[in-house]
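Participant: According to TrEMBL, the protein has these features:
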REGION    15-37  region 'Disordered'
COMPBIAS  25-37  compositional bias 'Acidic residues'
REPEAT    127-160  repeat 'TPR'
Amino acid sequence: MASFGWKRKIGEKVSKATSQQFEAEAADDKDLGDDDDTNWVHAAKRRKEILLEDCVRKSKELKDEGANLAENRRYREALVKWDAALQLTPEDATLYEMKSQVLMSLHEMFPAVHAAEMAVQRNPRSWDAWQTLGRAQLGLGEIALAIRSFQVSLHIFPMNPEVWKEDLSWARKLQEQQKATKTELVQALAKGKESIPDYDFESDEIVAVCAAIAEKEKALSAAKTMVIVSASGTVETVTEQDNCPATPDETLFIRAR
């Protein structure tokens, strides 16, 4: 009977050199896999960068096209171009600032203020965005807010003569006129209130007139007037005093009030 023995392990007869070669090839395959992962990540980043570059390039083209249209007073078409550009680059403050200018040219002040506020939010250091916001606010009659916006614009760019000499100066002039108008209105209301006569209902003249009217009413109420129609059809008006004799017999006359 054959004796029992352990089975040989797989690879037991593989030489050491073959084993080392196998391990080296496995390491190469692993490195190659790592390189593939790295290349894939790099390719994805590159594709994203290319996409962003395309968006920026296309947005710039649309911005320039809109600017040319706006210069030719084709404002509605310019807005369409800039809205398309904002879909590609929604953080571009310049697009919002240009859009606000065109909306003011179209006398659409509420959208103009909104667009300028969007520009300021995206780039608070843009002096021209603050200037445009101030002009839009001035178009709405918000003089105090416009003055503040112009002051912020000057704080960013103090040497801007346009904001200093034109925008801020004009806004302050309007503010002074507004204050003067309010003062005149208050004075006119006060003067009108003073012109209303203050009647003294307890004066001697008023009391005398009221007494005379009361006496007349008393005299009229003391005298009673009756219309009497006889049986034959004769109509007679009789004034009855309190101390007068008795009225005719009601069997002979029909009394009509």
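Glycine residues also receive a Cβ, built from the backbone N, Cα and C atoms like all the rest.
Automatic prediction, not curation, is the source of TrEMBL annotations.
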Participant: Can you work out which residues elsewhere in the same chain, 6+ from the ends of the repeat 'TPR' (127-160), have a Cβ less than 8 Å from its Cβ atoms?
Facilitator: 93, 96-97, 100-101, 103-104, 107, 109-110, 112-113, 115-117, 119-120, 167-168, 170-172, 174-175, 178
Participant: Which whole number is the mean pLDDT over the repeat 'TPR' (127-160)?
Facilitator: 94
